[in-house]
């Protein structure tokens, strides 16, 4: 299956196909002329797939080097970026060469940021290996790294030349790593896709059910992401809907310490908390919080953060990238399959942190 991201200045395709990683070289050869390529990955993904992808690219005529770093959200920072820059220089990469981001969201965000800033920008592609990356972070051109102040505080908008998604690689994920990706999938059903929500309702929540329906779940999610990215590439309007649950979710990630709470887990807890208060305020329909809670719990996602400290979470919220002056653009779901922007003051945002 191919999904076209038809952005006028930089259109590209998402290819979703079981087993397609084995043809990575052929796929990339259709996008780029033979040239130097650096695969950026983490040590865990490298042990599983780096050699396989490297050989496929070399068979297609590319000169390939591999840079890997220790896995984990806590490594998504400017220190790691500097190390990648140094490696690219040593490999002699020029503006006519490219980067292959092979890994989950941390790898994709960091490698995309490096590609968009090295020599003012070189080509890159995404080969995502986690469910979160396959349904969300590899698509749409947001890149970034964390700072001690906030998640993804330093970043760019830079579209890849293509995204290659192999659902079979999800079979090598640990249970927690697979399940956390369902936080984003559930979000897509809530904000835009009632058909996806119905599909999720029919699943029993097991790892086996996720893997069995992975290709369909990924396709639905990518279609929602495609629509919002094409209409609003730079995140000024409809694309903000994708941030449902993320305002509080990012604050949870930051206060917990990067890597302690996984992104999809934080999104799940954020969606439940936002919905609970919005429902109490009459801004979301009665019963929707219970529906979201039950859906998250069915797939094994957490719905409550045990280290809830309002002051720390509020401090993290003040660094939210969606803030404009003293106003936050909060995303709510007034009905299943529909989202809206609800501007709130930073002061009012404290209401949404009350347990």
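Glycine is treated like the rest: Cβ placed from N, Cα and C.
Take the Zn(2+) site that Swiss-Prot assigns to 246, 263: the candidate from 184, 192, 335 listed for it is 184.
Considering only the binding-site residues 75, 109, 151, residue 246 (Zn(2+) binding site) has 151 as its nearest partner by CA-CA distance. In the three-state DSSP scheme, residue 109 (NAD(+) binding site) falls into the helix class. Sequence-distant contacts of residue 130 (NAD(+) binding site), defined by Cβ-Cβ distance under 8 angstroms and a gap of at least six in the same chain, are 103, 104, 105, 170, 173, 177, 181. Taking CA atoms as the reference points, residue 73 (NAD(+) binding site) and residue 263 (Zn(2+) binding site) are 9 Å apart.
Rounded to the nearest whole angstrom, the C-alpha distance between residue 151 (NAD(+) binding site) and residue 263 (Zn(2+) binding site) is 10.
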